[in-house]
Structures are given as structure tokens and as C-alpha cells.
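Engineer: This is the structure I want to talk about, given as C-alpha cells.
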Amino acid sequence: MTSTVPAETSLNKFEKLKSEKDGLAVKSELEDFARLGWEAMDETDRDHRLRWMGVFFRPVSQGKFMLRMRIPNGILTSGQIRVLAEVVERYGEDGNADITTRPNLQLRGIRLEDIPDIFRRFEQAGLTSIQSGMDNVRNITGSPVAGIDADELIDTRGLVRKVQDMITNNGEGNPSFSNLPRKFNIAIAGCRDNSVHAEINDIAFVPAYKDGKLGFNVLVGGFFSAKRCEAAVPLNAWVDPRDVVALCEAILIVYRITGCGANRQKSRLMWLIDEWGMDKFRAEVEQQLGHPLQTAAPKDEILWDKRDHIGIHAQKKPGLNYVGLLVPVGRLYAPMFDLARIAEVYGDGEMRLTVERKRDHSRTCPMSSVASLLKEPLLEKFSVSPGLLVRSLVSCTGAQFCNFALIETKNRAMALIRELESELELARPVRIHWTGCPNSCGQPQVADIGLMGTKVRKDGKATEGVDLYMGGKVGKHAELGTCVQKGIPCDDLKPILRNLLIEHFGARPK
């Protein structure tokens, strides 16, 4: 293969800093950074290279860092939850944790001087944040009910873990994949409802039968960015589950060697596929693999609409249930300790996070125990039967903590949804997604109603506003929504949403 890495004279700021020093090099310097303090350390290390360790400097809360974890398949043990809760608790009101759409956790309020101690605690608990930021493969997504779903086709837990271990060198850091042209997302679906949002990942594996054998059809190139949003397209390949890791590795190597990072607005995998065409891209992947790929199965098994997972659901094992709780807009505070206790008292000590819904799942015992669980005070906040708008509400972090966000999102989203639920009767859930900027972390393009933050003018003054998206669909026949109205002031949004819910989604005034 011919390298298209740009000449050094054309390197942009990010490619230049990567060429000067691998981001993983800061792993050995964390103790020094902790002693120096954030104000005295090298700005490039602080603002950029620390992200290879999952540590993010935030200009909007200087001195308080964000820490992004790696939680493969979104599964945590009660012991791990306690370790994370202890980290958040030490910072009082400044500390909190957000569930992300990968599904992962981001811890906020972190002090740089505490990082070495925090990382030692993580290592003891089997946790890591390695390579969770910048131009790396992000958290690997799998089915939130893998291994316990009565209707699942493939248990994705082991595959997700193997892919992560390959990418991160078993959590130690892997220089082979620490210098991709841009960030990279991988998802492995094991159920019929596309719970992983396969279409918005750079590589997605969806279950499919070929010649009577269950494996995966492969999609490539899905992504969101400020410049362009594209759904993943078929690679025309079917793989045995045993070959998933090797195919991921081959695609990543092709992307690393031939993808162009010179223009960061045109450096995601789909841009390379567009430049080459799918036939050439597939051929390059086959060359890296060392053998031809099988052609795709005629159809995949994504046959259902997106399941909610909130509430009480029977597990694969007779007599056992799992309970899905709503964490409103994905924000966790002190209740993390309660979640750990509940997971142990009523289940096997395991908690799971979901992709779109941002929920917590607790595997439970027979129905007699479920009845006791439902009486827990925590379930007044994290409900098993929330309203039909709040249960599907998704929001990015917003301007409270993110310097890219153009508007405040989480608090505004919750306040507006409460008002709408108090005024309207709904027949079904409506998925409303908020994102603070065009980077689309809140994924408005997959929502029934998507709201993207922007700046608008009202009465001659600049104010916070949104662009309105509609038509997104998840599950079978997934589609990306489109922008239908631009520049709505947030103060004017409520009547617009109210009318949309009535006219398009069957809501009725109370």
C-alpha cells in the first residue's frame, strides 16, 4: 500500500504535535505533571496529549479536568462503581459523572494532582481510561443486555473485550493505534433491534446468517461531524465471530497508513472510502488480512424497532429478571454508591449502561426481590416507569462543562420536558435529542426530534438557539434525520415542540 501521509511541511497543528511526541508518552510523566500543576506544565501536553490518557483540560472549568473512561460493552461491577463513586465524591459539588452515548462514563471535577492516585485505584479495580480521547478508537459498543437477553443472537461481551484488548494492548496503551488520522468508533450488535446504532459507527458488525451459520455483516464509514454526517455503508463482507478482531485490526491498519489527517474536517474513514471507492477499500483490507473476505449474507437480522430496556424484563435464565432504570439526561451524582449497593443486594453486582437511552441496568433475582427493589428510595429519582418524553430524552454535556457547546443543554432539556409532560398526554415515547454544537455528541440526527445548539439573534441581541432536525430512525430501516428549521431561539422553542408533538406524534392536551 502507498502511504498518503502528508509531508511535514503540510502538517496541521494536531498532526505536528503527534509527530513530535506520541500521546501515550505522557503516561510515564503523570507523576511529574501532578507535582508541577496544570498551570506550570507544557500547554501542548496539558491541552492535547493528556487526552491519550483520557484526561481532558477544560477551559470553562480551569483546574478541573474531565476524565473519560473505557467501559467495554458498558458493563461495570459494583466494586468498579464504588471506585468511580469515590473519585467523584472527593470533589464535592464539583464532582459528577455523565453517562455518554457510547455507552461510557465521563467524570468531572478531577484535579490533576490526584491523577496518579486515581489511576492506581483504577488499575486495582480493572478500570482504564487509556486511549479514550483524540485520534484513537473510542469505547467499543455492544448490546446492553448481552448474555442475559432471552432473544439475543450473539453474546457480544467477549468480542467487545477482545477488540478493546487488541486496540489498547490489554489496557497498557498501544502505539500501533495511537496515531489514527481521526477518532474511530466500533460497534458490535448481538440482538435484532440495533441497540448499538450500527449506522453511525466507522465499523459496525450486525448479526446475519450465511449458509445457516450465524456471523456478522459488516458496515463501514458511519460518522457525525460539524462538516458532514453519513450513515455507514455495507462493506459487502460477512465474517465469522472468530474473525471480528482480525478484521478490525486490518481496517485500522489500512486507515492508519493511508488515511489523510492533513484536513481534520475530511479525515474520518468515510472520506477515504469516498476517495478510493468501496471496491478498492475492500481490496486493501483483504490484502492486509492476507485472505479474501466472504461476501455479505443476503440480509441481516436487524428486524425489530429499537427496544427501550426500561422497566422489568425477563432474562434468558428462567426465573431471573433485569430492571432498566432511567438516569435523566445521563447525569449521576451521589447515587453511584446506592447503585452499587442495589446491584449487589438484588442482583449479581453488575450494572450496565446503554447507548441512546443512557440508562442503568441491574440484573436481579426472582420477582419477590424485584418487588423490594421497586420500593428503594433511589427509584424515585431513577424511575423504572418514567414519562414518555423524559424516558427517551438524550442530551450532550452542554455549555456548563464543554467549551465547544454553544448552548446550555441538560438543565434546559429537563425543564422543558417536564413542562411538556405536564401539559400533554402522549401515546408513545418520542425521542428528543439535544446537542450543544455541530459536533453532534447528542446525536440529533438519529432522533425523532433533534435540537442542535447555535447562536441566533432575537430583538437585535445574540441569544442561545437551536436548529431543528426531524426524521431520524433507529432499529430496522435506520435513517438519519435532516434539518427542517434553523435558528429557533431557545426561549421560543416550547410552543414549537408542543405543536410538533401534537401534529406529528399524536399527543393531546391534558
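Placement of Cβ uses the backbone N, Cα and C atoms for every residue, glycine included.
These came from Swiss-Prot, pasted as-is:
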type    : residues                       : note
BINDING : CYS396, CYS402, CYS437, CYS441 : [4Fe-4S] cluster binding site
BINDING : CYS441                         : siroheme binding site
Engineer: Starting from the Cβ of CYS402 ([4Fe-4S] cluster binding site), draw a 10 Å sphere and report how many other Cβ atoms land inside it.
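Structural biologist: So the number of other Cβ atoms within 10 Å of CYS402 ([4Fe-4S] cluster binding site) is 21.
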Engineer: Measuring CB to CB from CYS396 ([4Fe-4S] cluster binding site), give everything in the same chain under 8 Å that is also at least six residues away in sequence.
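Structural biologist: When sequence neighbours closer than 6 are ignored, CYS396 ([4Fe-4S] cluster binding site) has CYS402, ALA405, THR409, LYS410, TRP434, THR435, GLY436, CYS441, GLY442 within Cβ distance under 8 Å.
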Engineer: Give the sequence-ordered set of same-chain residues, not counting CYS396, CYS402, CYS437, CYS441, with Cβ within 8 Å of the centre of the Cβ atoms defining the [4Fe-4S] cluster site.
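Structural biologist: Surrounding the site, in chain order, are THR397, GLY398, PHE404, ALA405, THR409, THR435, GLY436, ASN439, SER440, GLY442, GLY453.
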Engineer: Test of understanding: give the count of other CB atoms lying within 10 angstroms of the CB of CYS437 ([4Fe-4S] cluster binding site).
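Structural biologist: Result for CYS437 ([4Fe-4S] cluster binding site): 21 neighbouring Cβ atoms inside 10 Å.
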